[in-house]
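As given in TrEMBL:
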type	residues	note
TRANSMEM	27-47	transmembrane segment
DOMAIN	41-248	domain 'G-protein coupled receptors family 1 profile'
TRANSMEM	59-81	transmembrane segment
TRANSMEM	101-120	transmembrane segment
TRANSMEM	141-162	transmembrane segment
TRANSMEM	205-227	transmembrane segment
TRANSMEM	259-278	transmembrane segment
Amino acid sequence: MGRTNITRPTEFILLGLSSRPEDQKPLFAMFLPIYLITVIGNLLIILTIRSDTRLQTPMYFFLSVLSFVDVCYVTVIIPKMLANFLSKTKTISYGECLTQMYFFIAFGNTDSYLLAAMAIDRYVAICNPLHYITIMNHRHCVFLLVLSVCIPHLHSLLHILLTNQLILCGSNVIHHFFCDDQPPVIKLSCSSHFVKEITVMTEGLAIIMTPFSCIIISYLRIFITILKIPSAAGKRKAFSTCGSHLTVPLSNYTVKDRIATIIYTILIPMLNAFIYSLRNKDMKQGLMKLLRRVKGQ
């Protein structure tokens, strides 16, 4: 009888980063350039890799996919946030909220799995260079890519189905700038979310820890191998090869409180483009070649 008066909300109100009207336009002016830089920077990486035959290697194949995922990742969140900065209502429909939640979880975890695939690539290149071509062949790269995409999307689908089963009542205000099910949307539930919490603590933890463990183990093995290299020049070359790749995983696995959410959802995808282009000699040369080709036309 108690459930007959409970109806699912048709829309939510996203409070965003600030509820003060005078803050909205400055926030819009700050985050719009960040979004444009992120999109343009990552698209330049993709174009550079596709246009330079020297960059047609497994390492840059995964990097181009990572750049594409980063563009999708920020596009899931920032355009709606920018629109809300200029809107008085700041609403998002129930369907849009679940869709945003799905792609946020999927693309975020795809990022982690791609970083793990890149760590495996660097491990094979440095620790087993004689067999690099046979191990990191096209079939194995495609296999790693399929895993990196399918596992996060299945994981995201499970969480969306569980979230959709929750009975939401009372306030429809989400104290966040996007629809994140842990914990902003969960707080709106008046039904038991025990099953979802157990899923997060088991399946969710396994999904997160798998790429993290892979990255840690791969780079530990790399560092052990580098320390065994007798020449200082050889050590410098090995460190420079994987230095930029290690910077990004470390920046992705931060403590995810509310402030850190802004960093890993908005700033990290932008920084990825600079880390891989400015700290990578081959990427810089490829980018300069692309710019000269564009100017020549």
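Each Cβ is built from the backbone N, Cα and C atoms, and glycine gets one as well.
Under the criterion of 3 or more C-beta pairs below 8 Å, with sequence separation of 6 or more, the transmembrane segment (141-162) and the transmembrane segment (27-47) do not qualify as touching, having fewer than 3 such pairs. Highest Cβ pair count under 8 Å relative to the transmembrane segment (259-278), across stretches 27-47, 59-81, 205-227: 27-47.
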